[in-house]
Ligand SMILES: Cc1ncc(COP(=O)(O)O)c(CN[C@H](C(=O)O)[C@H](C)O)c1O
């Protein structure tokens with residue numbers, strides 16, 4: 001089976017499994033797991049933030065950020081196809097009691113002027129704006145890299161209005177490897193950030209959230225309230241250390257595989273590449289071929305290829321560590337005969 005559903009499907013490397021076996025552990029509720037503390041310190045350093053905390057998932061990291069930044073009744077400005085809005089079960093409303101104010105971005109980048117116009121004025125009838133959320137790379141925009149300049153402009157507007165900015169940087173390392181801009185520079189235009197160890201970086205579990213020491217103290221309390229107080233979790237943090245230390249630069253391989261896949265699929269009659277393919281995601285439109293995305297996915301499955309539907313005629317293919325160049329070639333050979 002060639003699994004191109006997501007970079008979340010990556011399995012831990014041998015080195016990660018060994019690191020888990022060898023991990024020195026302690027009780028993380030007492031902030032005593034040395035492996036988690038090492039991972040958190042490394043992550044904070046790489047991001048240029050004062051503190052960081054290991055969380056079991058990117059969703060929990062994002063939700064803890066909203067819970068920590070906002071109070072119930074506030075409004076959060078975020079992109080209309082962002083993961084926090086589109087894929088996190090309405091949790092910002094359910095748990096944080098905040099309402100989303102969505103803006104349609106261009107390849108995932110919100111227009112800074114529209115963001116400023118969406119910030120609420122001091123009026124008894126209106127909610128206050130509590131947070132602005134960004135996403136880089138942007139998943140539903142096809143792993144699009146949001147330009148640093150765009151992040152900078154939005155951040156400056158946020159500061160002018162004394163508002164915090166949270167970055168859903170689940171795939172921020174993909175952006176950094178593709179542009180050569182450091183994650184620290186990206187993170188300098190956001191107050192808090194979440195990034196995934198469990199996607200392209202290949203760790204089996206987990207994400208990091210980072211920000212000021214004060215933010216992390218409050219965020220840790222929210223993680224505990226959500227039942228996320230971890231015990232000897234150095235066992236799952238150890239693979240995260242391997243991911244952060246050894247799996248970043250190779251993301252370029254995933255981008256190369258995506259470029260080869262996009263070039264091949266783009267030459268199949270009836271298929272059209274929807275996105276610019278900045279990183280490891282390829283969005284394919286099947287309308288010209290007269291086949292719905294779900295039907296196409298079923299046909300792919302019969303050929304032992306897995307992908308996901310992103311819309312009625314849009315199929316997402318995501319490259320990652322566990323898919324080889326040879327397998328990408330096999331996918332192209334099979335699909336060219338399929339349509
Ligand atoms: C931008 C972004 N932020 C956050 C998350 C959530 O991370 P997890 O909760 O899955 O660890 C994801 C996962 N994305 C997953 C995927 O792409 O297959 C699915 C859609 O949830 C994400 O793409």
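Just so you know, the numbers here start at 1 and follow the chain as drawn.
Glycine too: its Cβ is placed from the backbone N, Cα and C atoms.
Sequence annotations record features per position, and here TrEMBL assigns domain 'Aromatic amino acid beta-eliminating lyase/threonine aldolase' to 3-288. Look at TrEMBL and you will find 199 tagged as N6-(pyridoxal phosphate)lysine.
In the predicted model, residues of the domain 'Aromatic amino acid beta-eliminating lyase/threonine aldolase' (3-288) average a pLDDT of 98. The Cβ of residue 199 (N6-(pyridoxal phosphate)lysine) lies under 8 Å from the Cβ of 6, 7, 8, 10, 58, 170, 171, 320, each on the same chain and at least six residues away in sequence. Taken residue by residue with DSSP, the residue listed as 'N6-(pyridoxal phosphate)lysine' is part of neither helix nor strand, so it is coil.
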